[in-house]
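Colleague: If you look up Swiss-Prot, you'll see Asp8, His10, Asp41, His197 marked as Mn(2+) 1 binding site, on the strength of sequence analysis. Annotated Mn(2+) 2 binding site per Swiss-Prot: Asp41, Asn79, His114, His195, in sequence order, evidence recorded as sequence analysis. Look at Swiss-Prot and you will find Asn79, Arg80, Asp122, Lys164, Lys167, His195 tagged as substrate binding site, backed by sequence analysis.
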Amino acid sequence: MHTLFISDLHLSPKHPDITASFIQFMREEAIKADALYVLGDLFDFWIGDDDPTTFAEQIKSEFRQLTQQGVPCYFTKGNRDFLVGKRFAQQTGVQLLPDEAVIDLYGQKAVVLHGDTLCTQDTRYLEFRAKVHQPWLQRLFGLLPFALKQKLVRKIQSDIRDDKQHKSMMIMDVTPSEVIAVMHRYNVDLMIHGHTHRPAIHSIQTDDQTLKTRIVLGDWYSQSSILVYSKQLATHYCRDHS
């Protein structure tokens, strides 16, 4: 019995090697799991559920096959795929999670999230996030022709790359006090998230001497990064792209 967690694959037609590894993972590993959690940034950028491309259908097909074979799949939106919506969920069978979700892992209560909201020192990003998550703005964006949305997204991606070059690694990492605050909010001793691309298992001792665990998922840029969680053990492993 085990549950799988992945995040930050940044799937794109530009990186067929990552796509191939993802498909292999879905068909050979995810199919054997009790459940699969995708904690954001599955896509390098998801323009909208109306994406007509062969690439988008290819990815949706993998999820559809997995869920139709009885493996529950849960999806947390990241900062690159926050436009994943109900249509995507209906077409794939995945269950969309809120930004912060409490789950039961073999008797262990845990909070799962993408992780971007933990980076409270990155105020410019959080301001941007607040704007693009406004429902009216997302509805307006959804009404635009797909080709125009592609152009706007390319501009946004360029701005994001430029902005990251001027930020320190500390600003783009989580704020420890925010991590503790979220864990206290949900009364949990385990947190699992992605976003920072710094895979690790951290032990945290709080002021009341409670020992908590924060598991950070890795990205898939150079190799597949997967967390296998069972009742006895949490194991990170990486696999080279085929």
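Even glycines carry a Cβ here, placed using N, Cα and C.
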Colleague: Using Cα coordinates, what distance in whole Å links Asn79 (Mn(2+) 2 binding site) and Asp41 (Mn(2+) 1 binding site)?
Modeller: 6
Colleague: Within the chain of Arg80 (substrate binding site), which residues six or more apart in sequence place their C-beta under 8 angstroms from its C-beta?
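Modeller: Spatial neighbours, sequence-distant, of Arg80 (substrate binding site): His10, Gly40, Asp41, Phe43, Asp44, Phe45, Trp46.
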Colleague: Which residue among the binding-site residues Asp8, Asp41, Asp122 has the fewest other Cβ atoms within 10 Å of its Cβ, if you could check?
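Modeller: So among Asp8, Asp41, Asp122, the binding-site residues given, the one with the fewest Cβ atoms within 10 Å is Asp122.
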Colleague: Cα-Cα, whole number of Å: His195 (Mn(2+) 2 binding site) versus Asp8 (Mn(2+) 1 binding site)?
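Modeller: It is 6 Å, counting Cα to Cα.
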Colleague: Would you count the other C-beta atoms found within 10 angstroms of the C-beta of His197 (Mn(2+) 1 binding site) for me?
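Modeller: I get 18 for this one.
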Colleague: How many neighbouring Cβ atoms, not counting its own, are there within 10 Å of the Cβ of His114 (Mn(2+) 2 binding site)?
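Modeller: I count 26 other Cβ atoms within 10 Å of it.
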